[in-house]
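Q: Dropping the structure in here first, questions after.
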Amino acid sequence: MEPMSNKQDSNSSEGDEKGWPDVPKRKRKNSQCSMKSMSALSVSVPGYIPSYLEKDEPCVVCGDKATGYHYRCITCEGCKGFFRRTIQKNLHPAYSCKYEGCCIIDKITRNQCQLCRFKKCISVGMAMDLVLDDSKRVAKRRLIEENREKRKREEMVRTLQVRPEPDTAEWELIRMATDAHRHTNAQGSSWKQKRKFLSDDIGQGPMVPTSDGDKVDLEAFSEFTKIMTPAITRVVDFAKKLPMFSELPCEDQIILLKGCCMEIMSLRAAVRYDPESETLTLNGEMAVKREQLKNGGLGVVSDAIFDLGKSLAQFNLDDTEVALMQAVLLMSSDRSGLTSLEKIEQCQEAYLLAFEHYINYRKHNIPHFWPKLLMKVTDLRMIGACHASRFLHMKVECSSELFPPLFLEVFEDQEV
């Protein structure tokens, strides 16, 4: 087998194929050998084929420490490289020995006679036919790489096949979350047919400056506040229909709802992004453009929601996936002031597991679908935090009378 290592033996030399300095013309002490044992190059002795390398196992050519099974024999890196270069460059016809081809080859003398070293390689069983030329080496490495990639793909398929799907209890949790979403999601799947586009004139009127440097079109702001109360009410109704939420203390329920309300409303708007008209549909009824939403009070938060909508379009989420994402947002145990942290963590863990197993069941074609989708949860948390900051600035510049009571109740006193 052609080795992949290019490591050189510490006692080998790049001059293995070059001429060697003259030595005294007398037989060396180690030159006595049996001519029979060093017969013609065609002599082949079966190579030693161990199942594994034992500690300090010697090279069968020179006795140095072997590094592996090379060209059908256990050899060191030096003899492996010498044999490979000799065959690849067809150097052996030019090799000669000054001592009648009877040199003993060991760790010390191996570089002193190329012919005897090569004859020793052949005599112990190193196979010339296993040495590949450059084109075959490239082809072999390409084949190895292709096989490696093939194994990776097969392993990925096996991994996908063993990913757990929802069990009976999780299917029930999924069903109830999906029902909760469908019963509280305005217009359902017919939102495109029932939406009404906000007039282009709205969002282009006189602007009132805010303390954060942005400006607000009060006419657009008024339009948006009209749909805020029913939108917030639907989020509350969704939470009440969710398994486990009603079992939490009332104080914790209120904290969780205040924390997730903008996040869930943003998600519901983002999944109704229409690339053709470049609009988001709010509360299932009002289609708005980016600038209208921005000038109507959301400022930079508008950009974040529109960008999320564009990003989510490729995920092709169904009602169940949207419902489970909302449940995960709702059951966030890091909201300030919660008392039942452990129970809320357990609730979120249950929804996360059901969510992940449902994703496995759906078998999306997008690579790394699950971690990418979880990143969208992080994006929604950021949108919620940005909106809390934006609301503080709006409240400074705009009269409280402009805000619906439920809007104030939910978004006042939020952490920024």
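Note: Cβ is positioned from N, Cα and C throughout, glycine not excepted.
What Swiss-Prot shows for this protein is this:
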type     : residues              : note
DNA_BIND : 59-133                : DNA-binding region
BINDING  : C59, C62, C76, C79    : Zn(2+) 1 binding site
BINDING  : C97, C103, C113, C116 : Zn(2+) 2 binding site
BINDING  : R234                  : 3,3',5-triiodo-L-thyronine binding site
COMPBIAS : 15-24                 : compositional bias 'Basic and acidic residues'
DOMAIN   : 169-413               : domain 'NR LBD'
REGION   : 1-37                  : region 'Disordered'
ZN_FING  : 59-79                 : zinc finger
ZN_FING  : 97-121                : zinc finger
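Tell me about the setting of these features in this model.
A: Its own atom aside, the Cβ of C59 (Zn(2+) 1 binding site) has 25 Cβ atoms within 10 angstroms in the protein chains shown.
C116 (Zn(2+) 2 binding site) falls within a helix when secondary structure is assigned with DSSP. C116 (Zn(2+) 2 binding site) has a Cβ environment of 24 other Cβ atoms inside 10 Å.
In the three-state DSSP assignment, the secondary structure recorded for R234 (3,3',5-triiodo-L-thyronine binding site) is helix.
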Q: For R234 (3,3',5-triiodo-L-thyronine binding site), which of the binding-site residues C76, C97, C103 has the nearest Cα in space?
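A: Comparing Cα positions, the closest of these binding-site residues turns out to be C76.
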Q: In the zinc finger (97-121), how many residues does DSSP call helix, how many strand, and how many coil?
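A: Taking the zinc finger (97-121) as a whole: 8 helix, 0 strand, 17 coil.
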Q: Kindly assign C79 (Zn(2+) 1 binding site) to one of the three DSSP-derived states: helix, strand or coil.
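A: Reduced to three states, the DSSP call for C79 (Zn(2+) 1 binding site) is helix.
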Q: What number of additional C-beta atoms lies within 10 angstroms of the C-beta atom of C103 (Zn(2+) 2 binding site)?
A: 26
Q: Just the number: how many Å between the Cα atoms of C103 (Zn(2+) 2 binding site) and C76 (Zn(2+) 1 binding site)?
A: 19
Q: Within the DNA-binding region (59-133), how many residues are helix, strand or coil going by DSSP?
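A: Counts, helix then strand then coil: 28 helix, 7 strand, 40 coil.
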